[in-house]
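Participant: The structure is given below, and queries will be raised subsequently.
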Amino acid sequence: MGRRYTIKQLPPELRPRERLLAGGASALSDAELLGVLFGIGSREKTAVELAGDVISGAGGLHNLFGASVHELKQVKGIGEAKACILLAALELARRLSVARNPGRPVISSPADVDGLLRGRIANLDREHFVVVLLNTKNEVIEAPTISVGTLSSSLVHPREVFKPAIRASAASVVLAHNHPSGRVEPSREDREVTGRVAEAGGIIGIEVLDHVIVGEGYFSMKEHGML
């Protein structure tokens with residue numbers, strides 16, 4: 001089947017780029033904004049239609065954070081170039097958010113950890129293990145993702161947890177990960193990984209303050225006497 005039409009064949013008032021120029025970026029839908037970034041579509045669909053497929057396939061715009069090139073390429077019409085454009089845009093959005101709030105957040109409770117990470121990992125469909133690096137004032141230095149996938153000792157090695165902590169001269173860390181099911185009770189693997197990492201932290205002098213599981217609510221292993 002040949003391509004039905006291109007964006008250039010639309011009336012000017014319906015073209016995303018022209019609408020952006022006339023009314024500003026806020027006048028465009030999510031799919032139109034992403035379509036502008038894509039620039040061109042595929043043989044079967046316009047850039048905006050492809051963008052809509054990407055967003056709906058992810059279950060919403062917020063779920064695109066944490067997506068991989070491989071996952072994005074599962075959408076028909078999305079190749080490596082468009083996947084990279086999207087991931088670059090998402091990373092720029094994340095960095096802009098950090099730049100607009102230069103004050104470092106302080107972690108003083110599990111609720112603070114939940115507030116820091118909920119928007120980033122709560123709705124992802126795979127487990128993302130994050131280590132929150134803290135300075136001596138319990139201010140967040142950074143919070144890198146260490147692994148993606150079901151939490152296990154083979155995936156989360158203490159070496160990988162403390163490598164960024166040592167590099168950043170962190171005084172302590174908080175472990176965190178999401179449960180895609182929404183249930184926040186820790187599994188046996190969660191407890192085993194936490195114990196191994198905490199033991200290693202004691203040896204090298206970087207304390208593991210807590211392990212917080214994010215889902216429908218949150219669970220603090222520290223508060224429940226598991227750490």
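Each Cβ is built from the backbone N, Cα and C atoms, and glycine gets one as well.
I grabbed these lines from Swiss-Prot:
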DOMAIN    106-227  domain 'MPN'
MOTIF     177-190  motif 'JAMM motif'
BINDING   HIS177, HIS179, ASP190  Zn(2+) binding site
Participant: Within a 10 Å radius around the Cβ, which one of these binding-site residues has the most neighbouring Cβ atoms: HIS177, HIS179?
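Facilitator: Of the binding-site residues HIS177, HIS179, the most buried by Cβ count within 10 Å is HIS177.
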Participant: With DSSP assignments reduced to helix, strand and coil, which class does ASP190 (Zn(2+) binding site) get?
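Facilitator: DSSP call for ASP190 (Zn(2+) binding site): helix.
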Participant: Using DSSP, how many residues in the domain 'MPN' (106-227) fall into helix, strand and coil?
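Facilitator: Breakdown, helix to coil: 39 helix, 36 strand, 47 coil.
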